[in-house]
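Here's the structure, in structure tokens; my notes come after.
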Amino acid sequence: MLVNFSKMHGLGNDFLVLDNVTQNVFLSPEQITKFANRNFGVGFDQLLVVEPPYDPDLDFHYRIYNADGSEVGQCGNGARCFAKFVRMKGLCNKHKIKVSTSTGKMNLHIERDGNISVTMPVPQFEPKKIPFTAQKTEGTYILRSESETVLCGAVSMGNPHCVVTVDSVAEADVESLGKELSVHERFPEDANVGFMEIVSPNYIKLRVYERGAAETLACGSGACAAVVIGYMQKKLAKQVTVELPGGKLRIFWQGPGHPVKMSGPATHVFDGQISI
């Protein structure tokens, strides 16, 4: 069976996108891992699947799978690519698109300049909602890894995030420490780990180790998490430019109880077919 797909990326965070509205495709975790391989497959950070909506008030259901085959509840960069894909493929002609994920709902808006803004979920700080093991909600937690003890913030953006403030992202041990913290026992579902360098209240540099993957060139939900944690720690303003290895995102947050707005580009690379 031949399956049509698109290869896309958001600031270098790359995706294989499947239309499951006009196709009927199921990929096992083993198949996803096979196709994610950059030497023997297509190569991608995550698989995005477009499905018909489960709610008549929504336009689509949005599913996300990591390169290891595990399903996750959120991907901000993927959401921008999702919006561009459904417009490009004629699945939707709206500028404002409403979708559900396994953990909530999102609004996607295609802007006049071609960028796409995503209304992300309201950040969740309560430990059991992240999930994170702690007796109470705090702005900063102490995490002890095998190599060192770090101070971090914890939040859910529809997926769990750990944010560590560093003096320099260039010198941060993203690969080793990021992997340790990602699978730390206090994150029962693992976590994405962001290393944040604060340049000014309106500008940060960020590198992210994604759970189930590794360091990526960009992470939209990670950018949102970093800004939210920085704001709650009274280090950042409401509107922040986030510089990632793959490019820049604009993040805006009004504070607790409000959703986070993220704006940035989405790029179509090529279309292809895979045999399953």
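From the backbone N, Cα and C atoms, a Cβ is placed for every residue, glycine too.
In this view, Arg211 (substrate binding site) is surrounded by 25 other Cβ atoms within 10 Å of its Cβ, with every protein chain counted. In the three-state DSSP classification, Arg211 (substrate binding site) falls within coil. For Asn13, Gln46, Asn66, Gly76, Asn77, Asn159, Asn192, Glu210, Arg211, Gly220, Ser221, the entry in Swiss-Prot reads substrate binding site, with the evidence type sequence analysis.
Neighbours of Cys75 (active site, proton donor), defined as other CB atoms within 10 A of its CB across all chains, total 32. DSSP assigns Cys75 (active site, proton donor) to coil in the three-state reduction, placing it in neither a helix nor a strand. Here Swiss-Prot flags Cys75 as active site, proton donor.
If you look up Swiss-Prot, you'll see Cys219 marked as active site, proton acceptor, on the strength of sequence analysis. Within 10 Å of the C-beta of Cys219 (active site, proton acceptor) there are 35 other C-beta atoms, taking all protein chains into account.
Annotation note: Phe270 (site 'Important for dimerization') sits in a strand segment as assigned by DSSP. Long-range Cβ contacts of Phe270 (site 'Important for dimerization') within its own chain (separation 6+, distance under 8 Å): Ser6, Lys7. Residues or ranges marked as site 'Important for dimerization' in Swiss-Prot: Phe270.
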Whole-number Å value for how far Cys219 (active site, proton acceptor) lies from Asn77 (substrate binding site) (Cα to Cα): 6
Ser221 (substrate binding site), number of other Cβ atoms within 10 Å: 31
Secondary-structure category, per DSSP, in which Cys219 (active site, proton acceptor) falls: coil
